[in-house]
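See below for the structure under consideration.
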Amino acid sequence: MKVLAALALSALALAKPTPPMPGMSLIQTGPQETRWVTDAEKLELTMNNVGFFDITDMPVTASSVTKPKSYAFPGNVSHQADVKPLLGKLSSDHLMSNLQKFSDFPNRYYQADTGVQSAEWVLSQVQGVIGKIQGAKAEKIEHKWKQPSIRAIIPGKSEKIVVVGAHQDSINGQNPKAAAPGADDNGSGSMTILEALTALVSDQKIAGGQATNTIEFHWYAGEEAGLLGSQAVFQQYKQAGKEVVAMLNQDMTGYGKTMGIITDNSDSALTTFTKMILDTYTTAKYADSECGYACSDHASANKAGYPSAFVYEAVLGQDNPAIHSPDDTIDKLDPAKMLEHAKLVVGFAYELAFANL
């Protein structure tokens, strides 16, 4: 009887909640704050810059936070001789050419056909970058919604994983079906990490699988609808027992003068390491900032128990005012600023790829 009772309680705990009305979503706006909302209410939250997790279709465990494991990240850089030549291979012209193509999609909404097409385009670019590397993979991660996430895997000697991520979707806050070029949010971050990946895999040791750790680059679907893609990925990793030792988020890289180092819902030790990378490999100015609960995809990694860091384009309040509108266009962005973010990504990924963690 005790066994049956335990099984019944277990089943109850794992049962998915039922919406009060069809089509509503269960969102989380704080560690202990959940509520059901309509699509219109979700859109209003997005327009008001209120971060939230949409946990409607996530595992029940996704509503709770797993404390990230502590790692002793390097206190010094060790690979300047390898990294600095890679930085010289970064091209702002190439980055901006890719961004122009990416922002030419009418929108990249996660439930739109054009959101699927833009994801397929990202996949084709990634395949072109890593397709000839033995053991490397470029693949789609299918979800319950239309747009897939995209993942690049460059294997190392261990199964410990260093992740660099950016969300690929865009949204028009007034009407999800309307124009949303999303050049800055988040075409800039998506193409920044693509440019960094291109430089990174030109290194023979990285491409030859000689790195200590495996490197993954992610382009997440559905961030604007409640961090959907990144939640799905990191919750799946958590359930599979994968060890992600670090995650760097790049959400908006093209605007502002001083980068914002996000200190909430992130790992303090990894953030300190990230500042060291900025000081060593970039000329960027930066300052600490906060973006609130569930503001971007690093929060999904943090929630799943993985150390994460987020370097934003600016301190909050000095960022691009044109996001979530038809006016988020490429002409407002600074190619040199985006290149500094790409340098950060290359340095971060390379140093941690060879770190003993």
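A Cβ is built for glycine as well, from the same backbone N, Cα and C atoms used for every other residue.
A quick note: this is a predicted structure, and the numbers were derived from the prediction, not measured.
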Identity of the Zn(2+) 1-site residue among Asp185, Asp267, Asp279 (reference: His167, Asp251, source: Swiss-Prot): Asp185
Site-mate of Asp185, Glu224 for Zn(2+) 2 in Swiss-Prot, selected among His94, His298, His324: His324
Additional residues surrounding Zn(2+) 2, by Cβ distance to the Asp185, Glu224, His324 centre under 8 Å: Thr46, Asp169, Ser170, Ile171, Gly173, Ala180, Gly182, Asn186, Ile323, Asp328
DSSP-derived structure type at His167 (Zn(2+) 1 binding site), helix or strand or else coil: strand
Zn(2+) 1 site, defined by His167, Asp185, Asp251: further same-chain residues with Cβ within 8 Å of the Cβ centre: Ala166, Asp169, Gly182, Asn186, Gly189, Ser190, Glu223, Glu224, Met252, Ser296, Asp297
Among Asn76, Glu224, Cys291, Cys295, His324, which are recorded as recorded positions, the nearest neighbour of Asp185 (Zn(2+) 1 binding site) by Cα: His324
Nearest-integer angstrom distance between the alpha carbons (Cα) of Cys291 (disulfide bond) and Asp251 (Zn(2+) 1 binding site): 12
Cα within 10 Å of Asp251 (Zn(2+) 1 binding site) - qualifying recorded positions among Asn76, Asn186, Glu224, His324: Asn186
